[in-house]
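See below for the structure under consideration.
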Amino acid sequence: MADYLISGGTSYVPDDGLTAQQLFGAGDGLTYNDFLILPGYIDFTADQVDLTSALTKKITLKTPMVSSPMDTVTEASMAIAMALTGGIGIMHHNCTPEFQANEVRKVKKYEQGFITDPVVLSPKHRVRDVFEAKARHGFCGIPITENGKMGSKLAGIISSRDIDFLKSEEHDLALSEIMTRREDLVVAPAGVTLKEANEILQRSKKGKLLPIVNGNDELVAIIARTDLKKNRDYPLASKDAKKQLLCGAAIGTHEDDKYRLDLLVQAGVDAVVLDSSQGNSIFQINMIKFIKEKYQDLQVIAGNVVTAAQAKNLIDAGADALRVGMGSGSICITQEVLACGRPQATAVYKVSEYARRFGVPVIADGGIQTVGHIAKALALGASTVMMGSLLAATTEAPGEYFFSDGIRLKKYRGMGSLDAMDKNVSSQKRYFSEADKIKVAQGVSGAVQDKGSIHKFIPYLIAGIQHSCQDIGAKSLTQVRAMMYSGELKFEKRTMSAQVEGGVHGLHSYEKRLF
């Protein structure tokens, strides 16, 4: 007892851990796995943690999550889901200006619960087409119209009960022979409210789809019973002053991007991201000034940057937020190929510490593999995190599912991959290579395992961030950052063996289910 008893009191507590300034002041480039946050004191529940965060100077989100402007991550479906769950989606620009503007328009015109662009078939399609649609999209409740398109007269509906017990030799049957015909359907008129539609479905007790038709009996939308269940209430939804969902879009920094910008503004875009792998350029500075002169109220997210010196030029030009990251994404090989970039944790801390002096929020872009990485990025000063691979292969991500070795996958590629560059010149412009005869790839193309729906995945991420803040002892992300800058929040570097210890180890086999 006497060997270690020094004092009967507990007023003395030794100084422990490193401040953020000490952690990142040594000159080492650190990633999210290189350190941990030391826990604090808990006197509240996790669900009390406020995750409200600034996306830009004028746009605030209730959850700090942004989907990346990549052509295998964000189009209208992803942007809608992100906004409904409290974040925002940034529409990619590896497409025509008209297509991109139309995707933004879909988000801004979205009415909760109504599906305006469903899979539609015609009576002439075959049963095998339904099975193919089911394999691609994961469902087989499909409206049938006269010409197989929206806006055509409703002819019937195909559901799983119509095809489940058909023999393989019957897969060539025309849908007109087996579908539930129009006269046997319960429909709702255009203009019906979500509440009224819900009541109609409950009363009818027929099927899983409710077609919405206009006065000419033409299909204008559908409502799925499963969607009614999950769309009843989105208290965190990101909306503008007109109660429309928030939506962002990426553009380049070239002269022809000004036309794209005009179309996006006409579509109602809330923020534009100047999409460049290296944002500290005269091209981006000039584009920021042009936008601020022509569309004063439009929020401009500039980047990408990884140093305070880069950030200074974009802030001086009028940027409303900064996107931080260079070469840290899972499909990015910029650091390997060009020897330029910065480890992501260091980049986020250094740029955030500088930008906060001017009231400019930072988006941590790249290197996010787990919910723990999100918590670390936010604790280092980022206001929001941008996710690519973490959201790839969700139901709402663009692309079709395919199977490999029995695993359901979706394609995921970097915008600096040759695959993406070959699709559209916008991807080449992002890396200043549109005029090059020889393209230098700064990304790769691959596949990611099916993660299910955003509506299940994002709530898991939200809960994880809240529990992280609880362990830290902070009731809000604002408090987390205040603790970090004051030096109250402490960190500790991890050796390689510490990282092994912090992961799953010592098991013969295990199943890792996150939610």
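The backbone N, Cα and C atoms fix where each Cβ goes, and this holds for glycine too.
Over in Swiss-Prot, the protein carries these features:
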DOMAIN    114-173  domain 'CBS 1'
DOMAIN    179-238  domain 'CBS 2'
BINDING   ASP275, SER276, SER277, GLY325, MET326, GLY327  NAD(+) binding site
BINDING   GLY327, GLY329, CYS332, GLU501, GLY502, GLY503  K(+) binding site
BINDING   SER330, ASP365, GLY366, GLY367, GLY388, SER389, TYR412, ARG413, GLY414, MET415, GLY416, GLN442  IMP binding site
ACT_SITE  CYS332  active site, thioimidate intermediate
ACT_SITE  ARG430  active site, proton acceptor
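Structure with Swiss-Prot features highlighted.
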{"residue": "ASP275", "record": "NAD(+) binding site", "CB count, 10 Å": "29"}
{"residue": "SER276", "record": "NAD(+) binding site", "CB count, 10 Å": "23"}
{"residue": "SER277", "record": "NAD(+) binding site", "CB count, 10 Å": "22"}
{"residue": "GLY327", "record": "NAD(+) binding site", "CB count, 10 Å": "26"}
{"residue": "GLY366", "record": "IMP binding site", "CB count, 10 Å": "28"}
{"residue": "GLY388", "record": "IMP binding site", "CB count, 10 Å": "26"}
{"residue": "TYR412", "record": "IMP binding site", "CB count, 10 Å": "24"}
{"residue": "GLU501", "record": "K(+) binding site", "CB count, 10 Å": "11"}
{"residue": "GLY502", "record": "K(+) binding site", "CB count, 10 Å": "12"}
{"residue": "GLY503", "record": "K(+) binding site", "CB count, 10 Å": "8"}
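Applying DSSP to the domain 'CBS 1' (114-173) sorts its residues as follows: 18 helix, 13 strand, 29 coil. The DSSP breakdown of the domain 'CBS 2' (179-238) into helical (H, G, I), extended (E, B) and coil residues amounts to 20 helix, 16 strand, 24 coil. Per-residue pLDDT, averaged along the domain 'CBS 2' (179-238), amounts to 83 for this model. For GLY502 (K(+) binding site), the spatially nearest entry among the binding-site residues SER276, SER277, MET326, GLY388, TYR412 is GLY388, judged by CA separation.
The binding-site residues recorded for this entry are GLY366, GLU501, GLY503, and the Cα of GLY366 lies nearest to that of SER277 (NAD(+) binding site). Binding of NAD(+) is attributed in the record to ASP275, SER276, SER277, GLY325, MET326, GLY327, and the widest Cα separation among these residues amounts to 14 Å. Note: the CA-CA distance between GLY325 (NAD(+) binding site) and GLY388 (IMP binding site) rounds to 12 Å. In this structure, the C-alpha atom of GLY503 (K(+) binding site) lies 21 angstrom from that of GLY366 (IMP binding site). Cα spacing between ASP275 (NAD(+) binding site) and GLY366 (IMP binding site): 14 Å, rounded to the nearest whole number.
Secondary structure at GLY366 (IMP binding site), as computed by DSSP, is coil.
Among the binding-site residues GLY388, TYR412, GLU501, the residue whose Cα lies closest in space to that of GLY327 (NAD(+) binding site) is GLY388. Nearest in space to GLY366 (IMP binding site), taking C-alpha to C-alpha distance over the binding-site residues SER276, MET326, GLU501, is MET326.
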